[in-house]
Amino acid sequence: MAISYDLRPVGSCLERKTDNIVVKESSKLSLIGLSQDEIVQALKTVGVPERQTRMRARQLWHWLYVRGVSNFDEMLNISKVMQETLKHHFSIARPEIVGEQISKDGTRKWLLRFPARGAGRPVEIETVYIPEEGRGTLCLSSQVGCTLTCSFCHTGTQMLVRNLTAEEILAQLLVARDCLGDFPDKNTPDGAIVPVEGRKVTNIVMMGMGEPLYNYEAVKKALLIASDGDGLSLSKRRITLSTSGVVPGIIRTGEEIGVMLAISLHAVHDTVRDMLVPINKKYPLTLLMDACRNYPGLSNAKRITFEYVMLKDINDSLDDAKRLIQLLKGIPAKINLIPFNPWPGSNYQCSDWEQIERFADVVNQAGYASPIRTPRGRDILAACGQLKSASERLRKSERLKLENAIGH
């Protein structure tokens, strides 16, 4: 890993974004987030000869996801005439980067703004990059806000505004790779902490704002594009989808997406989990564990990660640790113990470090890997459970006023 703490603003993506990161022209269809078959159909509708559409779609796919271009003029093997046709009808622009924060530990957080859809306002979401020894993990958001109101999570205090589209989910990955110099012929910013060799973004986790399984189709589409071998080509073993326990979506995820699964568990008794993760009232632990045991492809080589935030005097007793072992019996699993990351207005305290270590020892002795996650990006509110944007849902009166103004 290239260790450098020279985090001067000169290295920020905000100062380098004017040429290739622009606000999408909302009147044009974006090619980002479309499947190759959908790109073929889109090309047919704008007069591209049918015999060329499949070849053109492959060219576009390469330029978008291998070369990482955000301007049709950069597509050197496409004629000027075709470039003009594409520019007239389609967009491949990036969202606006409203803000970028860099933690003292090298973690980066971007605040991205997406254009209004329908009668809504433009919305903002947060995306986080976490550099580690030999790898770089990108934490993606799936929704603007969240419906789940988990009591220890900052995002849960922001009501759901809307789901993100497949385009908007993928755009987070493209922006991060732009900013980190992770596409060919792109430079890594001065002072950035990134893996020395290979890709800067090696792993992605659907652990940002929102519940991915409440936006299943868009998340599925985005992850299948991200893992396509002719494009972004991320291994499905390096993609993790985290859910708070939307049981009906768990089996579908394994069958249709095939990525690694993480469960936001956080408690071993229904009474406690009802308080921490209210969706437990709908899908209690018995149903959740049954779904995990039946996750397609589950094996010692493809374990489920169970996330467990350590809350002082709430869920951190040694009896809780022993109950956790019983709960996971028969499930190939790893347990991530997460020291609670405070946020403005939170009502919980992090467990004492000695207690976290004792808890981990009990779980380890039962044969489960139970790493204690090192908090990353706490100083910029980028750590687990700290993400929140300022976007809010329009009140009904405001929405109607806007609809009338634009003639909908």
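The backbone N, Cα and C atoms fix where each Cβ goes, and this holds for glycine too.
Taken verbatim from Swiss-Prot:
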- Glu126: active site, proton acceptor (ACT_SITE)
- 132-373: domain 'Radical SAM core' (DOMAIN)
- Cys139-Cys384: disulfide bond (DISULFID)
- Cys146, Cys150, Cys153: [4Fe-4S] cluster binding site (BINDING)
- Gly210, Glu211, Ser242, Ser264, Leu265, His266, Asn341: S-adenosyl-L-methionine binding site (BINDING)
- Cys384: active site, S-methylcysteine intermediate (ACT_SITE)
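Known features from Swiss-Prot, placed on the structure.
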residue : record                               : CB count, 10 Å
Glu126  : active site, proton acceptor         : 25
Cys139  : disulfide bond                       : 28
Cys146  : [4Fe-4S] cluster binding site        : 26
Cys150  : [4Fe-4S] cluster binding site        : 23
Cys153  : [4Fe-4S] cluster binding site        : 26
Glu211  : S-adenosyl-L-methionine binding site : 26
Ser242  : S-adenosyl-L-methionine binding site : 21
Ser264  : S-adenosyl-L-methionine binding site : 26
Leu265  : S-adenosyl-L-methionine binding site : 29
His266  : S-adenosyl-L-methionine binding site : 26
Remark   = Rounded to a whole number of Å, the separation of the Cα atoms of Ser242 (S-adenosyl-L-methionine binding site) and Cys139 (disulfide bond) comes to 11
Query = If you measure Gly210 (S-adenosyl-L-methionine binding site) to Cys146 ([4Fe-4S] cluster binding site) at Cα, how many Å is it?
reply = 5
Request  = For the S-adenosyl-L-methionine site as recorded (Gly210, Glu211, Ser242, Ser264, Leu265, His266, Asn341), determine the largest distance between any two Cα atoms, in Å, rounded to the nearest integer.
outcome  = 19
Ask   = Which Cβ among the binding-site residues (Gly210, Asn341) has the fewest C-beta neighbours inside 10 Å?
value = Asn341
Query = Taking each of Cys139, Cys146, Cys153, Ser264, Leu265, Asn341 in turn, which of these recorded positions have a Cα lying within 10 angstroms of the Cα of Glu126 (active site, proton acceptor)?
reply = Cys139
Task = Determine, to the nearest whole angstrom, how far the Cα atom of Cys150 ([4Fe-4S] cluster binding site) is from the Cα atom of Ser264 (S-adenosyl-L-methionine binding site).
result = 10
Note = The rounded CA-CA distance in Å from Glu211 (S-adenosyl-L-methionine binding site) to Cys146 ([4Fe-4S] cluster binding site) is 7
